[in-house]
Amino acid sequence: IIFGAGIGFGYVCPIASAGKWFPDKKGFINGIAVAGFGAGSFIFNYVIKALANPTNLETDHPNFVSTVSKNIPLMFIILGIIYLILIIGGAFTLSNPPEGWKPEGWVPPAPSEKSGISGLEFERSQTIKLPQFWMLWATFILSAISGLMVIGSYAAFAKTVDAGDNFIYVIGTVDFVLIGSLAALFNGLGRIVWGKMADIITYKRAMLLMFITQAILLFIYFTTNNNEIYFLLMTCAIYFCFGGNFSLFPTATTDLFGSKNLGPNYGMVFTA
């Protein structure tokens, strides 16, 4: 609960600020704002491994549990200090534009049902009473849970990949970290690319395209158990789609409920 609360406190702030500065490209900017969150484990997977298991013990080593468990408390303290410095440093760079600010020459798009832009500003108390909010919230759950399923199980699934002893050996030693780190890069990249897609074709069409792509990838994921490269590519592709959730849903929140109260409104959507 404490871990989740910490993410919730810091996650929405840069999205709320950045979107107000760049209303003409909010999907792309939302993607950039949250890309670091998705891609951060590319670096921190190695940091965590170095802190928790510096001698690179195998999971079946008799001393693995006792050795790693002794390192965990210090690991959390060090990570907490690093995160605190990064978050406080980043907080000093955040600010909201002046009231009524907009990019030079930019004309706000007209509200329309097709684009999903309401042209209205809703308070949080109003937003949670709208059917559009609950539809968006439920859609977020259904879309994100599929990616989370792969994130939580790809390591176990990788051990079933029938690609010879070499792949199993590599997966069993260090390359879980490598696979997770490469997938994290695609997670971050997906946030930027899908956000840009929302700017080009509207968030509704971008979401539809992402949902269809993600569904196809999940449906055929089980076929990766006979080729290690295929497994890696498919895992990265699913992470790529998963990352798109975190740029498309704040963009949808802005278009549906306005940018003025994006922070509290997306905070409610993000509870999904």
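Using N, Cα and C of the backbone, Cβ positions are placed for all residues, glycine too.
The model shown is predicted, which means the values in this text are computed figures rather than measured ones.
TrEMBL lists 28-52 (among others) with the feature transmembrane segment. Long-range Cβ contacts of the transmembrane segment (28-52) within its own chain (Cβ-Cβ under 8 Å, at least 6 residues beyond either end) map to 11, 14-15, 18-19, 21-22, 68, 71-72, 74-75, 78-79, 82, 177, 180-182, 184-185, 187-196, 199, 239, 243, 246-247, 250-251.
Cβ atoms under 8 Å from those of the transmembrane segment (72-94) belong to residues 10, 13-14, 17, 44, 47-48, 51-52 of the same chain, restricted to positions at least 6 beyond its ends. Here TrEMBL flags 72-94 (among others) as transmembrane segment.
Per TrEMBL, the feature transmembrane segment maps to 134-155 (among others).
Taken from TrEMBL, the feature transmembrane segment applies to 167-194 (among others).
The annotation transmembrane segment is assigned in TrEMBL to 206-223 (among others). Tertiary proximity for the transmembrane segment (206-223) is limited to same-chain residues at least six positions away from its ends with a CB under 8 Å from its CB atoms, namely 27, 139, 143, 146-147, 150, 194, 197-198, 200, 230, 234, 237-238, 241-242, 244-245, 248, 252.
Sequence annotations record features per position, and here TrEMBL assigns transmembrane segment to 229-249 (among others). Outside the transmembrane segment (229-249) by six or more residues, the chain places 27, 30-31, 34-35, 37-38, 136, 140, 143-144, 146-148, 150-151, 154, 158, 161, 179, 182-195, 198, 203, 206-207, 210, 213-214, 217-218, 220-221, 223, 266, 269-270 with a CB less than 8 A from a CB of the stretch.
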